[in-house]
Amino acid sequence: FAGLADVSISEDIPVEGEITVPVGSRSPDEDYSTLDEPVRDTIMRDLKAVGKKFVHVMYPKKSSALLRDWDLWGPLVLCVSLALMLQGGSADSKDDGGPQFAEVFVIIWFGAVVITLNSKLLGGTISFFQSLCVLGYCVLPLTVAMLVCRLVLLAGSGTVSFVIRLIVVVAMFGWSTLASTAFLADSQPPNRKALVVYPIFLFYFVISWMILTFTPQ
Amino acid sequence: AGPCIMSAPGAAAAGGGRSAAAAEWGGFEDNMQGGGSAVIDMENMDDTSGSSFEDMGEMHQRMKEEEEEEAEGEAGAADEEDGEFLGMKGLRGQLGRQVADQMWQVGKRQASRAFSLYANIDILRPYFDVEPVQVRARLLESMIPVKMINFPQKIAGELYGPLMLVFTLVAILLHGMKTSDTIIREGTLMGTAIGTCFGYWLGVSSFIYFLAYLCNAQITMVQMLSLLGYGLFGHCITLFVTYNIHFHSLFYIFWLGVGGLSTLRMVAVLVSRTVGHTQRLILCGTLAALHMLFLLYLHFAYHKVVEGILDTLEGPNMPPFQRVARDIPIVSSAVLNTTAKAVALTL
């Protein structure tokens, strides 16, 4: 600071320069312009995002699209469709339609919450809703398995159909577990991956079991 | 800021010089440095505690609200004039957006504060601090009764293993109920399974903890939860095997062998932590009875009491085991007969 002490600016020299801040390409008005677009655009944009995530689940590469902008639309749609398809699968269909739907719904969401809490307690860096999003989206292969099982059961319910259903469900269960592990295990310390994978395995195992033992009446 | 900046190096030099001389009194260094310079160091005036940010935020919001009120007042007065009205509306729109933004920030801040206060799961974090090798070691240890009962045995206060074992038991129970076509009225299969397993784990742990308090045993609640949770490993193995292979003699062998081993381990650990014969007897007798009876209950209540291989592929040929069979004497007596026959055959 000693060198600057003798700098002086004479008062008759005008100071020049540009004080304006360069305006960014997005003016504040653009943030609110999505209110004016037609409803079709909004819905199509959300549907495209959900569809892109479905594709990511079916071909699990190491991409961060599922994690970066999470949404719970996909899991909700999958959960509701799975619960609807699992309805009416017990011997007495008088009053058992209700509990089946609520059962599946509660199992999926309660199970996903427990797994998320477990992975956070084990020192994971993933956020609560990101984990819910991944677990919900990875139910997609099992929903496909349920669809296939229902179609196979339309044809008949003998040993052959059971074997086909078993193979399909086991394959989809493996796919679900691998897909969710690919997304979730990266956020854990490397020596604790097994501790996080086991509850995910159990969760999808319970859902697969419900799908496999489904018998329509 | 000039004089302050000039004073800071001076204070540092003075402090450094003094610190060399006063190296033995480590605690005095900070006080010396602060007291050495007469001018207050402006850098230390920056109070970075959270409350000052909030105060600033509230002040900012109050300023915005005052501005908005002013703008509204002016817009209300200039309502009749079209030319000025458009200008005011533009200004008001922008201020409105800023105010909305500000209110969103304040609301979000308050919500996140409340969330972090009430939904703090960090209190459970130390109980989940395990490695997979540790979990595997503890699972195997839970089947090996300790021999040294004169020295208090160490129990790890960990909740990951027990929690996973309870969920595994729920899954196995669900499997057993599905294969035996158990029908639950006024409830769901999943609800019953979860209720039974968690109820046993939490309820019996609390009861034994209460008894331990009465009998002066040295065990904490978390340790009791952990001990009983790992004791369910034997139950998991037994039920997993016997729900798939339906021989009653096999079940009784597993019940005595595997169930007995895990019960012995829990009993030995508790005995090592209790003083006095009567107390040991009460505590361990209760735990052993409850643990073994629970396994018996799980096998018989959720499983078909019929000899032979079940064939769920062909649909229900025989009437399913109804859980609400108490008021139907025929079914319950049939169940009793088959149980008696099974017991007679195996003994």
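Here, residue 1 is simply the first one shown, and the rest follow in order.
Every residue, even glycine, has its Cβ placed from backbone N, Cα and C.
Record features (TrEMBL):
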- A:59-210: domain 'Yip1' (DOMAIN)
- A:70-89: transmembrane segment (TRANSMEM)
- A:101-122: transmembrane segment (TRANSMEM)
- A:134-156: transmembrane segment (TRANSMEM)
- A:162-184: transmembrane segment (TRANSMEM)
- A:196-215: transmembrane segment (TRANSMEM)
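Scored on C-beta pairs under 8 angstroms, the neighbour of the transmembrane segment (A:70-89) with the top count among A:101-122, A:134-156, A:162-184, A:196-215 is A:134-156. Same-chain residues lying 6 or more positions outside the transmembrane segment (A:196-215) and placing a CB less than 8 Å from one of its CB atoms are 82, 86, 89, 104, 107-108, 111-112, 114-115, 118-119, 122, 124, 135, 138-139, 142, 145-146, 149-150, 153, 157, 165-166, 169-170, 172-173, 176-177, 180-181, 184-185, 188. Long-range contacts of the transmembrane segment (A:101-122) within the same chain: residues 75, 79-80, 82-84, 86-87, 128, 131-132, 135-136, 139, 184, 187-189, 192, 195-196, 199-200, 203, 206-207, 210, each at least 6 residues beyond the stretch ends and with a Cβ under 8 Å from a Cβ of the stretch.
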